[in-house]
């Protein structure tokens, strides 16, 4: 079948025009010149040129016009038939393929061979060019080969805010990162190397404003060129210095290094291109890059060496294969070693920090200002942190080479050597970096200002051990419950369990709360699950007799005799057990119970009711001679709260979160769950009758000055009885325990110089001596309860067999330590708990104008912190700062209470005093109230306002004006500022003078003696308390 017949069949009998038989297509030109058959013809994409390849081994170039076509030139070089030829899409080149197993590249203008590529066993038949990118494909006997003719990475160098790079036309240009402006061409490097081979590297010397450019032409060459100050066009450099070398980099202001791979030699040259020093690199060195001031990084196929030029010494080495490029961070402390598929981050000493592997080829990298490495592959920009965490920043349409990362902008060069600006979203890697560096404020800001919420971030946080932070992202109740359990946040776990209301979740919550010692949550979950036996045992363990009695009533209401009997045993309630046996018609058991407990009258009643006699009941041998003593089973072990634990629920991130949403100090520290009752009996119960026994909580004060009257000094002083521990019996037990001693207690004495550890070991005398030496303590009786608390908390006792002493167990705070030289005792009430309870309570008392209560709390805080152990240096600094602040609060409160004591009532003014000295003293104390420097801003405002009010009432208009100005400038309360403005106006009208001169100069720096309440001016002699830093007059030294 002929071709025409096949076309007819394909048309299926339709009347379709035959394009090949169309008479409109006519021969325009006949090109004669090949001696043998022509195999290939290609047209130039833009010019009127034709290239042909034939069996005569020739590649011919033709030109055509509207009227004729003629041969321009012939390219000779193939040794066999020329199979195909084409024009380069973007450059003046011709590519041809032949049966001589070569692909040849020809200069279109000179018609000379530029390059040739040869395969050993395969003949080439066809060749094609990609229309957009620099790729070619050639078909041979065994397949297809895809290749490109030249290196496409532009040579570039970055210095501060400038990028220097070489364009495709071999022009040197610069780009200003600050202005985003590209300069005109500064130099032309057309004479450097081959016209068709681009420069390989560029090194910039800012001191001399010169560049080193290397080219692979002629087995490697370099050129030292000075850059002009102004970019006036692509001028030829007038003064250049050249030499041979495969790599060249500046190593100092007036020195550069040149590496010759063939000779395996490094020459150190000056700016006149004279060799000053010669170095011998390690065998097999293939490349050389800058390695820091005075150093080089020498690269071999399998190793990287850090080499010191001055010492001619190898400083370090690292086994990394196939390193192609090295990118230094802006601070010079880290470098990224880029291989074909790997990124290795090292420090300046060539110590490996992290490494990662990519399946797609890595093209370039640049460092973010925050220390994050961004790198590009063929189609992505990705990031990696120092710890190896990585991810995708954005996708790429075309391959780019990163040169700088600044904020949300990535500066890069494309394959055409043109600067490009790409916008990225750095939120993800900045969040992870802040997480690694524990910059919680920055993390909080990122969460608030971005939409960084996704399963990947949540999984990442959970994987890295930060479930408490992941908890801030999640809204799904089930996920929040899981994260809350993982991070120990029982408050959130309870909230989510109530929302989901599933028995399995309550069971898990109960187990976790039990492990935490939070019996309030355990109680709530057992109530939800109706686990009455566990509830009874919980009340037994916590010593709540009232709730045990209620559980007995519930068991009676439910008709559960076993639970009723068990609860009566827990309570020691003999009558209840007897009553239960009677209800079950078990008169013998009831009689035995009464008999064994010495209830003779009850025994007789039971015999009469049952119609039995004592002979009818089989009694155990010896029973009835002496009644059993009814033991007191329930002991109140947790009367005041849950088992004390270190509060892991409030992390530093959560502190930042809470601090952002609060202004002022204080808040309810009680996380109790006693506000909600479960009606286990199916009856209505009031709060007073509730099983949980709810207690009334403190009212929240929204006003920053709650308790401080706006005009009067009325103090609502509630008497608060201090808890006092009778230490008599405790001292006896302590003495006994200390006499018994123990090897671990001896270790505590040797391992620690802290007084609290000596107290835990039972060495009270040693602890007192340490307190005297370290903080100058002289009055020890107030510390006795704390001594007893520490000693008791550092030991536990397990009852043994009758007649044997209990087994003693020493409790440690270094639970994971195995070295006996580092074993230390558990100290109750750690620093964090003191700051969260006593210190906060004291500040709340200051806010509520309950100064007596505040003094009690602050003094208790000092006692607890005096005998404590910090877990870290940071916690120790925090505790020291808290001690200094508490000292100032105690001084301020004592001054104000002294003033109120002299007046007699809080509402009295100077008219209540008869003596001029007393009036002056009262006014001074009021002014001194404002002196302590470490008060919180809102509390300082209270002191200033109080002093201003008292001065105004006392007609001390000069003082009133001064305090009013400070309230206006420093005040944190709007109402106080408004009141101060009114008083200021009144004082200015009345004349700012003080009828009574007082010893108070607001313009002179001074402190107040904490004993005499008199000023200590700068330069005067004074002594400071070694513990809290409060100043005293010299006569009080040693007291």
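Glycine residues also receive a Cβ, built from the backbone N, Cα and C atoms like all the rest.
Predicted, not measured: the structure shown is a model, and the values here were computed from it.
These features come from TrEMBL:
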type	residues	note
REPEAT	31-72	repeat 'WD'
REPEAT	75-116	repeat 'WD'
DOMAIN	442-597	domain 'COPA/B TPR'
DOMAIN	666-1038	domain 'Coatomer alpha subunit C-terminal'
REGION	685-707	region 'Disordered'
COMPBIAS	696-707	compositional bias 'Acidic residues'
Outside the repeat 'WD' (31-72), six or more residues from its ends: residues with CB under 8 Å to it: 78-87, 89, 94, 96-98, 104, 106, 108, 111, 126
Local confidence of the prediction over the repeat 'WD' (75-116), expressed as mean pLDDT: 93
Contacting positions for the repeat 'WD' (75-116) when only residues 6+ beyond its ends and CB under 8 Å are counted: 39-40, 42-45, 49, 51-61, 122-132, 134, 136, 138, 140, 149, 194, 196
For the repeat 'WD' (75-116), the number of residues DSSP places in helix, strand and coil: 0 helix, 24 strand, 18 coil
DSSP helix/strand/coil residue counts for the repeat 'WD' (31-72): 0 helix, 23 strand, 19 coil
